[in-house]
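Residues annotated as region 'Disordered' in Swiss-Prot: 1-49. According to Swiss-Prot, the compositional bias 'Basic and acidic residues' annotation covers 32-49. Annotation comment: Swiss-Prot describes ASN38, ASN97, ASN238, ASN253 as N-linked glycosylation site, evidence class sequence analysis. Positions annotated as transmembrane segment by Swiss-Prot, on the basis of sequence analysis: 59-79, 126-143, 186-206, 214-234, 294-314, 322-342, 384-404, 411-431, 446-466, 473-493.
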Amino acid sequence: MNVDTTSPQAPLAGVESKQDGASNEATAKAESTTHDQNESSSFDERPVHSALSERQRSALLAVASFAAAISPASTTTYYPAITTLANDLDVSITQINLSLPAYQIFQGLAPTVAAAFSDRFGRRPVYLVSLSINMAANLGLALQKNYASLMVLRCLQSSSSGGTVALGQAVMDDLITSEERGRYMAYLTLGLVMGPALGPLIGGLLSQYLGWRAIFWFLMILGGFFFLMVLTFFRETNRSIVGDGSVPPQKWNRSLVQIFRKDKLIANPESLAKKRISVNPLASIQILRNKENFIVCMYGALLFGGYASVISIFATQLEERYGYSQVQVGLCYLPFGVGSILSRWTAGKMIDWNFKREADKQGFKIVKNRQQDLSRYDIEKARLTVSFPMIFATCGFVVAYGWLMQYDTHVASVLVVVFLIANVFTGVLIANSALLNDLNPGNGAALGAAMNLTRCLMGAGGVAAVTPLINKIGIGYTATATAGVWVVTLPALYLVYSKGYTWRKAALEASSQDRRENPDVASGSP
């Protein structure tokens with residue numbers, strides 16, 4: 001009889017196998033836990049993005065925002081005085097209107113230079129120079145007596161104030177991480193939208209009671225006020241000069257508060273940017289050469305052009321349809337400002353919430369006040385998921401605004417819709433700007449110049465086209481056509497939503513492969 005001597009061993013082998021499996025599984029779990037702890041530790045060990053407190057950062061962004069408001073305010077305070085200016089300078093209203101697109105063209109071009117110098121020498125000195133030139137231009141405008149002087153000085157005024165918009169984007173990039181950009185971006189856009197909202201009211205009051213020259217005296221005083229604010233309180237934020245804010249800048253580049261009050265921050269030289277950026281006025285154009293940047297910038301500019309045309313014709317529509325005075329027209333612009341302010345608590349918080357929600361879905365860890373590497377995060381989905389509903393809402397509200405005006409409905413209904421347009425559109429602007437900042441870390445000034453260039457040129461076209469279009473087809477169909485253009489071109493933005501992350505990964509892999517194949521070039525060796 002044959003005896004199977006292996007039979008008794010079979011169960012033991014099975015037990016050993018199970019024990020080995022359990023042991024391996026436990027080891028794997030332990031290694032996984034250790035890996036997660038190490039990964040978490042690596043996130044926590046990343047340097048703090050800004051050594052400044054939340055209050056300090058908010059204050060700096062508030063100054064940057066209201067300094068940037070000088071640019072659009074210089075446009076809109078001018079609107080109520082157009083007829084008076086034409087009469088006093090003995091020229092046609094058409095000739096005076098030519099100064100509007102001229103202003104916007106220079107407003108778009110000048111920031112490319114301001115951005116380049118701020119990257120090299122710092123934000124603060126460029127603010128001070130820009131505001132000084134702006135004050136001089138407004139002084140000349142208040143004293144000038146002919147049309148040629150008006151055109152030249154308006155272009156100078158535009159060039160000096162336009163740079164402050166790009167500087168605001170640079171300050172945002174210096175201070176704020178991607179996780180917080182939604183709510184902080186609302187601070188930055190506040191001045192940009194408050195300028196158009198309050199400008200007509202202030203311009204109407206000054207023009208009606210003190211004459212058109214008072215508008216430029218007011219703008220000169222406003223520029224002087226912000227010059228003193230920057231001189232006294234605004235500290236340098238350029239990361240190649242002050243790092244996370246703890247490194248003292250050059251003595252000539254310190255605010256008066258820093259000079260007379262000792263800074264309690266402990267200097268961290270390791271937070272300084274690796275190299276000082278050279279002066280390159282074409283940096284903003286280079287940003288637009290990237291297809292993702294180009295699409296997002298151009299769609300944002302298209303939205304801005306439509307919004308600018310809505311603001312520009314609002315005054316004349318109120319005068320013609322409701323017989324309002326300049327002061328009443330100015331008061332009707334207040335819903336634009338209130339709606340924009342409230343976007344800080346509506347759209348801004350929603351954008352930050354969605355950033356965190358999408359990060360959790362993708363397994364992307366966020367650490368407060370640490371700027372994470374977004375190359376492995378689908379940031380396009382995080383930002384544009386919120387943008388699309390707000391874009392459709394903006395389209396709907398603009399159409400409603402046009403037809404309410406067309407049928408001369410009660411002004412209260414128009415003002416409610418105007419409030420909603422401002423609130424939702426500002427949210428789109430915040431999400432658009434946040435995405436572009438995320439895609440271009442460390443290039444805030446050049447990015448601001450690129451955004452300003454595309455928006456101002458599109459805005460100039462929109463403002464120039466809207467009045468003839470309304471005269472031909474009416475404000476209802478004009479508003480519908482504007483919203484239609486936004487909807488028809490929306491697939492371009494959806495392309496960024498669906499393909500943008502893939503494009504970035506491919507570009508990153510190509511860049512890594514190029515460095516491996518050309519190590520001498522990558523290291524800078526001759």
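Here the Cβ of each residue, glycine as well, is placed from N, Cα and C on the backbone.
Shown here: features listed in Swiss-Prot, placed on the structure.
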residue	record	Cβ contacts under 8 Å, 6 or more apart
ASN97	N-linked glycosylation site	ILE82
ASN238	N-linked glycosylation site	SER118, ASP119, GLY122, ARG123, ALA170, ASP174
ASN253	N-linked glycosylation site	GLY122, ARG124, PRO125, GLU236, ILE241
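Beyond the ends of the transmembrane segment (294-314), by six or more residues, the same chain brings 76, 79, 100, 196, 287-288, 329, 332-333, 336, 391, 394, 398, 401, 418, 421, 425, 428-429, 432-433, 435-436, 439, 450-451, 454-455, 457-459, 461-463, 465-467, 470, 475, 479, 482-483, 485-486, 489-490, 492-493, 495-496 to within a C-beta distance below 8 angstroms of the stretch. When each of 214-234, 411-431, 473-493 is checked for Cβ pairs under 8 Å to the transmembrane segment (186-206), 411-431 comes out on top. When Cβ distances are compared across the two stretches, the transmembrane segment (411-431) makes contact with the transmembrane segment (384-404), since 3 or more pairs at least 6 residues apart fall below 8 angstroms. Under DSSP, ASN97 (N-linked glycosylation site) is assigned to a helix (H, G or I) in the three-state scheme.
Annotation note: ASN253 (N-linked glycosylation site) sits in a helical segment as assigned by DSSP.
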